[in-house]
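The structure appears below as structure tokens.
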Amino acid sequence: MYNSKSSLLLLLFLINSFIFFCNADSGTKCSNTSSLIGFESNFTMVQHQLRGHFKILDDCSFQVSRFDMLSGSSDVVFWGAVAVDFSNITRGFPISDHRLNQTTYKNASFSIQLLPNVTWDQIKVLSVWDVTTLSDFGHLTLPTNGSDFYPSRVHTMFDNCKNLSGNYRVRWSLNVEDNWIEIGLEGATKTMNYMAFGWANPKGTKELMLGADIAVAAFTEEGRPFVDDFYITSYSECMLHGKDGSAVGVCPDVVYENTTNGMTLNNTKLVYGHRRDGVSFIRFRKPLNSSDDKYDLPVNPTEEMTVIWALGLMKPPDTIRPYYLPQNHGGPMMVAYGHLRLNASENVDDCFGPLDADDKQDQDLIIASAKVPLVVTTGEALHYPNPPNPSKVLYINKKEAPVLRVERGVPVKFSVQTGHNVALYITSDYLGGNATLRNATETIYSGGPEAEGVMASPYELVWAPDRNTPDQVFYQSLYQPKMGWRVEVVDGGLSDMYNNSVFLDDQQVTFFWTISKDSISIAARGEKKSGYLAIAFGGEMVNSYAYVGWINNAGKGRLNTYWIDGKDASNVHLTNENLTHVRCKSENGIITFEFTRPFNPSCSSHDKKKECKNILDPTTPLRVVWAMGAKWSEHLSERNMHSVTSQRPVRVMLMRGSSEAEQDLRPVLAVHGFMMFLAWGILLPGGILAARYLKHVKGDGWYQIHVYLQYSGLAIILLAVLFAVAELHGFFVSSLHVKFGIAAIFCACVQPVNAYLRPKKPDHGVEASSNRIIWEYFHVNVGRGAIVVGIAALFTGMKHLGERYKGENVHGLSWALIIWFLIGALIVIYLEYRERQRRRDRFLGRGNWVLGNVEEDDSVDLLNPHHASARTGSQNSGLMEVQLEPLSR
């Protein structure tokens, strides 16, 4: 027992010793040798409303307090550099692994450890830096070891802050000994709005603004800050009376009188001003007790006094009034104007966190036009939106780095006059300057090394953003990063973004498309309100590939693809087609969706998915139908079925850019089919049978029947072809039926030409010539081949009719056609048997001879040499001498 207790105490002693030495060791890692320990400074705001106080704790850590910052990207760090200029700060380095990824910092305090390989001697500028966008949110400058250094004054930091409204603040620092108060007005307001603040007339009771001494701060059209001293004599815009020139209203002090005892009346002095992230900030100094006792009110710093404030539109100078004049603030109280009691000497700080403006974009907006070129030049960087930046940036139409708005499908012309060392290009990269040099990837949409020019010889660059262009790209210089700014790409009319468009059936849906090398971009827009919109490729919704667009419960557009093989919800099968650039939206209940798909689905040869058969041939008319309904969802039911649909498909000629409504051509095709059946099933076979089996008839009756039936059949064939071509508005050789038909018609047309060129028939008893035998061989076999190909054309025609119209009676008609030709085949077999029997009897001499019929028997097959020689021999051996004597009556 004793030993166990001793062992436990020893173990605890060892653990405590280990912890002690570890702590001691860790303490020695962070020494206090640097002369910068204890150095304090404030961050200079650059963007993201950054404010904060900085203090060096020891050789490897620092503290940040009263820290405000709007959220940036996911890669905001503390950054070290040797200087604050663009070239040096962009080549800086992270000094800590701490990431400032909080949504928004509000009066935060924290301590930061330096990286092990970083010392204070290496850091001359410490910045809050966004690595992704190369953006400086704020920075401060550190002194060199051993030098006497006093931190520069930071104009955005004050001793006190008071919220006047949700988007307006007043900050101030008081110096009673030197008789001044410095005031900072900060408002999330528009660029051309003013910020007013001042002291009310202490003698006033209800009308606080009358007799008030206020300062009005704003920015000029060029973005320069200014502040003026105003005195209020009435609730009106400043006006001058024509008779005596006296002023009345809200007027600058200098309007009332130019000078008093040689002193200027505008006793407010501008200290600093900027506009960042949609927030205006102007700092000015005002005396507590002015020498102007007529238009300025004395401020007692220890007394609680009434102050008034307002926000409103500032009217720029004109020829009549050469001053910036505030307009009536309007709006509700405590939003656009208000008052409160304030003691300037009391410490107040109820400004929790930075002001967050709804619209943080202050850059000029230029909307591109297809008719007017945009003049691109370079100029001095004054208000570049993403500091740090080079000293020279891009100007468009004399505006510094404006936001450029373009429409998809509308060409944009640039007249590039940037000089020969700046090449314009449109890129997906935020920074520009050739992203490949930073080992980054980018997509270049237009421009390049050749897009440079001067005023005397500008370069004309034309860029046509299409439907696949992202919503945001950037115009930049190819050789220098961060010279340009954003391009907003918005949807124009669909007719501008697509090369072709047609109305589908009933003009309830518009179909748009643009053909590329291996793909097609398609859009569909309903012309009336609906819960979903569907288009399908096929003669009707059943047995078609459908594309359905709708808005889900979260308000987001969706687009799904389906294979439909029936009329129930269970027959709608979800597919997974390779669609890109998919969009779906609803405006006032009108649904529009877009997508891009390849002509041939990317499927392997063994893939049996339904979508693999959805192949589009741009040279073949595409049949398109549509449907609309009240609601669509991922889980289909009978309620998802369409409430309105197209009555018939529209044939869209993709290459031609046109369409036509697909008419019900079944009556036309029925007449065409009957005529072809009459020709290939009755007349032409009948003509062949007459030539084969009626030659034993006396005279040339068989020949007349043969010729009349063949010519009648050929005429009906040509009429049927012309009839079908006229109704179908064209002659298309894509189907198997048409190919068989062309071959059969060719063979049928060859026969009359062949008959016209036949060699002369040999005289009675003379052996047929070789030309005659060859002709008979060709004539007989071409005719028989034509019948075979024609019958094949009949059957493929029935199949084509069934595929096109899904006719239920096509199957029965096909069987009737099969039975008809089977009966015809049996008749031919029977006639052939009788013909061969007759020939055998004739050869044996048992035939019934007609005395005096000395014409040639064409029933003998001339194509058989044995039969030809046999016929000659029999004729010779059959000669006999007959002696006739007169009959005695």
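For all residues, glycine too, the Cβ spot is worked out from N, Cα and C.
Here TrEMBL flags 1-24 as signal peptide. The annotation domain 'DM13' is assigned in TrEMBL to 37-143. TrEMBL lists 166-312, 507-629 with the feature domain 'DOMON'. Annotation comment: TrEMBL describes 636-833 as domain 'Cytochrome b561'. Here TrEMBL flags 669-694, 706-726, 738-757, 777-795, 815-833 as transmembrane segment.
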Rounded mean pLDDT for the residues that make up the domain 'DM13' (37-143): 94
Of 669-694, 706-726, 738-757, 815-833, whichever stretch has the most CB pairs under 8 A to the transmembrane segment (777-795): 738-757
Remote residues contacting the transmembrane segment (706-726) - C-beta distance under 8 A, at least 6 residues beyond either end: 668-669, 671-672, 675-676, 678-680, 682-684, 686-688, 690-691, 741, 745, 748-749, 751-752, 755
Residues of the domain 'DOMON' (166-312) by DSSP state, where helix covers H, G and I: 4 helix, 75 strand, 68 coil
